[in-house]
Every structure is written in structure tokens, then in C-alpha cells.
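Copied over from Swiss-Prot, here are the features:
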type    : residues                                  : note
BINDING : 27, 28, 29, 30, 31, 46, 76, 151, 206, 319 : substrate binding site
SITE    : 76                                        : site 'Transition state stabilizer'
């Protein structure tokens, strides 16, 4: 890689002309890399994030290996929750587990606030360290209020989100207070990361697709409007992403953000037809990375042909990299996207 700074990703976020389609992958730092798996034999996720030099190494590894156009900070959306009074444990094969789920208005009232400089200095130190090392933009991220709330109410991952919806419908006052508290936490946490040097922010609303449009507008969209309006003042690109949320992309397009992330269920041309005018990011089905190269290349080409119709397009997956994916496949895919987009 050249030592000069590669700002292709930032240009694409703003819809500015650039010479190739930028590429990065959700969960590019981690599970599919042998070097990472070796580190995980010794340290947990949270232990890695608390060691800035080690965390920076893990974050930077896929950029060096795949020649990607952006790095995304290695951490978890659960990172800030312990500091507002939520006990979280990441269990192998199960994900985040919370032993004291939210069940009442009083539970919501008890939640505290985060002081990033005191509570998560290692996150900020890692960002500062990476800014010294990287020659591509650094993306950081946070969980959106709805998705964090779903974990806090369900006590962990869910397939139906019945407890979350029941709480939302039965306790609207408590729900909106919870959204307000999580919105403020997100704003404070993200602003500190931007101040430390993060050059773009992705908000993961991973599970909001469980809601219909009407409920999204009433129970979630107001806090997202406030959150993005505050973060927009920091003048870095803001990205929104959720899974199974194709019916909400037009709602996201209304928000004060820069990039709409798509999962693999909605084609880019369909998103444009639905009225998405902002930069689009996505959206190769991560399962396709387990197929023969000819299939991967053909699907990537289909996505590129749609994305290349405007300069505001970023190539990514429609969800995170699977552990079974070969690192060489990702390296080859990045090279293909760069070459094909530069010549078309």
C-alpha cells in the first residue's frame, strides 16, 4: 500500500467523484482471520478492546491484508452498557447475555449515564493510535437505541422480540424514557470517539427490522432524528445499517445522515426506486463468499453495475463476514471491486 492517505471512502460517503468504488466489510476484523483466532484463544473480546495496541493491531489487520479502503474499529455495540448499569457478558456461541433485563419504568429510571473519557478511555486511546498508523479512514460505531433496548429487555438475542414489543406497547412512557436515555448515551459516546479521531460513524440498528413502518415512526424514528441531528454537527459521515429492514430504508433516507446501508435482501436499484437518494452501502450476501469464485464474481459484478450508476456507492456485504470465509477470498474480492469499478 502507498503511504499517501486514501480518502476514496470519505468521497463516496459525500457523493463526490472518485476513481474506484471503495470497499470495506462488516466484521472484516475478526472471526475469519487465523491471526485473530489465535489472539481469541488467549483474550476475550472485551479484553482485546481494553488493550489499545492489541485492538489497533486487530483493527488494522484486514486493511493490510485485503487492501480495503476503510478500517472499522474492533469492539462491540455492548461496550458502553456496563457503564450505565447493565451487566453484559458475551458468551461464545450465544452472544450478549444480560442477567438483569429491563422490566419496568423503575428499571429504566435507574440507568445511569456514560462518561467516555473515564469509562472507556481505552476505546479513545485505540482510535488515537490508529489515526497515527492508518492510511485509510477509520470508522467507529455504536448500537442504535432500539437494538440495545432489545438486548436489555430480552436478556440476550431473540428471534421474535416479543418481550421488547410487549414492553413498547404496554409501557410507552417507560419505552420513550429508555429511548431518550440510550439516545443520549449514544450521542455522548460517539461524540467522544469523533473527538478522538474517528472519521466516520456507523450506527447498527441490527434488529429494528422486526418493527413495521408505523411502529418505527412512533417508537423509534424520533430518537434517531435527535441522535443523528446531534451527531451531524460533528461533520463526519454517518451511516445507518440494519438487517431485514428493507421496508424502512425510505425512513432512513429522511434522517440527517449520509449513507444508507442495505442488507442482501434489497437490490440497490430497488432502493433507488423506493426513493433512497443518499449514498448506498452494500450489499453482497455474506453466504455467497462460501461459493466458488465464479459465483462470487458474478454477484459482485451485478451489485457493482447497479451501484456504479451514481458516485455515491460503497461496496460492502449485507451483514458480517462469516467465520468460515477464507481470507484470500476477501482479498480477491477487494481487488476485483477495485479493478472492475476503475474500468467502468
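Cβ from N, Cα, C; glycine included.
Projection of Swiss-Prot feature records onto the structure.
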residue : record                 : CB count, 10 Å
27      : substrate binding site : 18
29      : substrate binding site : 25
31      : substrate binding site : 15
76      : substrate binding site : 17
206     : substrate binding site : 22
Inset, instruction - List nothing but the largest Cα to Cα distance in Å, as a whole number, among the residues 27, 28, 29, 30, 31, 46, 76, 151, 206, 319 that the record says bind substrate. - result: 23
Legend entry - Three-class DSSP secondary structure - residue 27 (substrate binding site): coil
